[in-house]
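Input: a single structure, listed below in structure tokens.
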Amino acid sequence: MAFRRRAKSYPLFSQEFLIHNHADIGFCLVLCVLIALMFEVTAKTAFLFILPQYNISVLTADAEIVHYHYGLKDLVTILFYIFIAIVLHAVVQEYALDKINRRLHLSKIKHSKFNESGQLVAFHLTSMAWCFYVVVTEGYLSNPRSLWENYPHVYLPFQVKFFYLCQLAYWLHALPELYFQKVRKEEIPRQLQYISLYLVHIAGAYLFNLTRLGLILLLLQYVAEFLFHMARLFYFTDENNEKLFNAWAVVFVVTRLFTLTLSVLVIGFGLARVENQVFDPEKGNFNTLLFRMSMLLLLCLSQAWMMWRFIHFQLRRWREYWNEQSARKRVAATVITKQQSKPVKRESGYHENGIVKAENGTSPRTKKLKSP
């Protein structure tokens, strides 16, 4: 299965070959793992790549429930889903974004930003729906006290652990995509910033057993990011369409307030009332005063940084808007001035008492009206 058809051929595993065929390589590796499931000798190894590991059966009054915890084998699963993310990235690019770009005829800068926002819209929409389903089915919204009660939350349901593994795989796959997609050097620092922020927060929630709080915060963040990248897509299709940016601005500010409020409520007050407050990494317990203060400081700094970027972005938009309005007013004033200063054409001869005289001083003859 080739995602990109090109007439040129490149040396095997050269730089050009990897850039133009990375999706095909990823697809082949994924296919090899899936084929390994068909044979008994290799099936056990293949399951390490596909399914989450470290499962534990817990007996309840109703039935036997399987929970999971994290370990080093998760890196193998994340590696497999990195290749899955590369393949899906190529599918969205090839069969959706490239076709739209051909119709829009965007410039190179807008073309790169359109591809970035298009990929993130597809990802944020999928993650938002998936995260909302997990939060509702696990009862985290209906019972907010479950966000801190019975901490540490070492044992996770299957869908919670699988969600975190896929999230880590996607944001890790975004790092090599900067190279494969030939992102401009000016854009790389900005993209590295938000990729690193996502990886730090998601990995922190997963490793420090704050997965329940992390799900709620990710859901809030993905709603705001989905609106932002949708607004960018509409703006690239029509530069006069900026109404969705206003909706995103309101949602962004509300999201920051909810994030800070919920973080203080869960970490600052909820975990502080939990009885077990002993630092015990082997049991997954990090609930100490230093840990809580560090987490709150990290969250507050990240939210403050995002608000600063948001204010800077809004000020730049307003400055561009007022500059555009001022330029239009200057153009309109120039046109009016030219019209007023334009000399009025006078009829031949000269005027005397409001009557046009001929050059010899006689009045022009009046034309006889023809009878109908």
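Don't overthink the numbers, they just go from 1 along the chain as shown.
Note that Cβ sites are derived from N, Cα and C of the backbone, with glycine treated the same way.
Here is what TrEMBL says about this protein:
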- 112-321: domain 'TLC' (DOMAIN)
- 339-372: region 'Disordered' (REGION)
- 78-97: transmembrane segment (TRANSMEM)
- 118-142: transmembrane segment (TRANSMEM)
- 192-209: transmembrane segment (TRANSMEM)
- 215-235: transmembrane segment (TRANSMEM)
- 247-269: transmembrane segment (TRANSMEM)
- 289-311: transmembrane segment (TRANSMEM)
| remark: Long-range Cβ contacts under 8 Å made by the transmembrane segment (247-269), restricted to residues 6 or more beyond its ends, are 147-148, 210, 213, 216-217, 220-221, 223-224, 227-228, 231, 292, 295-296, 299-300, 303, 306-307, 310, 314
| remark: Rounded mean pLDDT within the domain 'TLC' (112-321) lands at 92
